[in-house]
Amino acid sequence: MLKISETDEIIFTPELLVKFNEILLRYPEDRQKSALLPILHLVQAEYGWVSSPLMDKVADFLQLKPIEVYEVATFYSMFFLKPPGKYMLEVCRTGPCCLVGAEKIMKHIEEKLNVKEGEVTADGLFSWRGVECLAACGMGPVLQIAPEYTFYENLTAASVDELIDRLRLTTAEKAQIIL
Amino acid sequence: MGRKLLLENINVPGINSFEVYRKHGGYRAVEKALKTMSTEDVVEEVKKSGLRGRGGAGFPTGMKWSFLAKPEGKPRYLVCNADESEPGTFKDRYLMTHIPHLLIEGMIVASYALGAKTSYIYVRGEMMPQIRILERAIAEAKAEGFLGKNILGTGYDLELYVQPGGGAYICGEETALIESLEGKRGNPRIKPPFPAISGLYNCPTVVNNVESIAAVVPIINDGAEEYAKLGIGRSTGTKLISASGNIKNPGVYEIELGVPVEEFIYSDEYCGGMANGKRLKAVVAGGSSVPILPANLILKLTTGENRLMSYESLAEGAFASGTMMGSGGFVVFDEDQCIVRNTWNFSRFYHHESCGQCSPCREGTGWMEKVLHRLEYGHGKLSDLDLLVDVAKKIEGNTICPLGDAAAWPVASAIRHFRDEFEWHVSHAEEAMGRNYGLAHYADPLPKAETIAAN
């Protein structure tokens, strides 16, 4: 079989494999392909994105052809095919949120972070993008932060500033502890 | 205050835990159904209640259940559609966040009725916090003997799992959801066969919306007759309405079907009226897919009577002057909103979410987005309006699933009812970049029925 990339250097941790195997129990025996989306989510949470070697490794684990994983990972908008910032701010850009100011919030984030949609800040901490309806229209404007998917509602320029500053501070404090 | 069936206890502290939920009468429906009713009794009860699918299509739930094939030796599945993604709709998020056990309880009763031994709740992937909430609730219910082997000693076994989606609107379409649950791209299947015959893993399957499943609980507890007493005509019971946009009190409201639209918008019990002293311009009454209506048409029928929040009344006048209940995503626009911009925004949504399988939808949604973009940004032509109507018509009815229709209707209805605003964007392109068209005549008293029908 033609391999696009080397898969051998990636080793899923035993903890991750335990989770994978728990997921497999949810489906009939010959239907392990059903585990693909939940497993891709776990992989992305662990590695930050889904690279082709990771997808190949998932294919190996589920005994699928690599293409079966690629076609799924590229279809669903939640899977990152290139590394985002440590915090990926996803702002709802659909109609109802725009009625209450989502476009202004996106513009504000772009200026505050000084990177364009989809780009990553120089320190690797942040990236942002507009996403389609997050099903929280009554609390708009809203954003979520991948990979944890923490959710923030009724955004204002001030609350976004506070959020970003807090994330910066938390990261800096964590770095201090490690040092 | 209207009667609440689903959200009655939503504000009880700790209602998201098994203990508090149980203390407030939770899981009585499971006891009643499993211990005193046959599976046919439960299906019959739901049929009699008149409950209609709350996800958007409004198909009678009991009838859907009765279509489920029961071949020997094949498992049957119940899948809950919690892939809530229709712009304007956020009721399922609310319900799962605050009262998850109501959904779990409904899933147990419905699974029992359908003879399912394994059921899934397919939750949109972005709702990771809700997935964790549901998984905790399932674990609690299992520990208390309401899930797993031999539930309450009745001999009925059921395993319930939560499956995350991946952020694709199309997976709210039931066959796309099934594909996705099988680990594939969310491409809708050609019907027939319907899922009731061949669904998940080629087995008979029922897919129901979160709210439909939750509504089974009060139907079993109080009986179909009590449930059907609420509502109006063929719109029985209560409905969760997600209210958003330029209103004082956005949020999720449980209404008895039949409340006048005017009361829903202006009464303090619900939306509380328009925010910031503005006036009402338009409403999208059932999620982004349904036709948008100007203020005068959403409040009144062309006969001059009040329009009501019911399946029938919202649809009264068909496409000429009516809309649809859809999923109950009620989006309110004030006089400062631009209909052209919103139509472009919605068409971008459908272009982004088209799975790409059928060319009319794949190409048409992109085409409409492009034309609407140039209208919004001052490069439109008058002929673009007819072009949009033409493209919308050619998508409608020519695709495997209803996403094509859902993309076509908002565009066609916006041009039908707000044509002068679109024309103004062409004739006053520069001015349109700087200010909005405003309220115009959209709130004026209704023209005669014949005039509307002729348009």
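Quick reminder: no glycine exception, Cβ is built from N, Cα and C everywhere.
If you look up TrEMBL, you'll see A:CYS92, A:CYS97, A:CYS133, A:CYS137 marked as [2Fe-2S] cluster binding site. When secondary structure is read from DSSP and collapsed to three states, A:CYS97 ([2Fe-2S] cluster binding site) falls in the helix class.
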Looking at the binding-site residues A:CYS92, A:CYS133, A:CYS137, which ones have a CB within reach of chain B, meaning under 8 Å Cβ to CB?
A:CYS133, A:CYS137
Where does A:CYS133 ([2Fe-2S] cluster binding site) sit in the DSSP three-state scheme?
coil
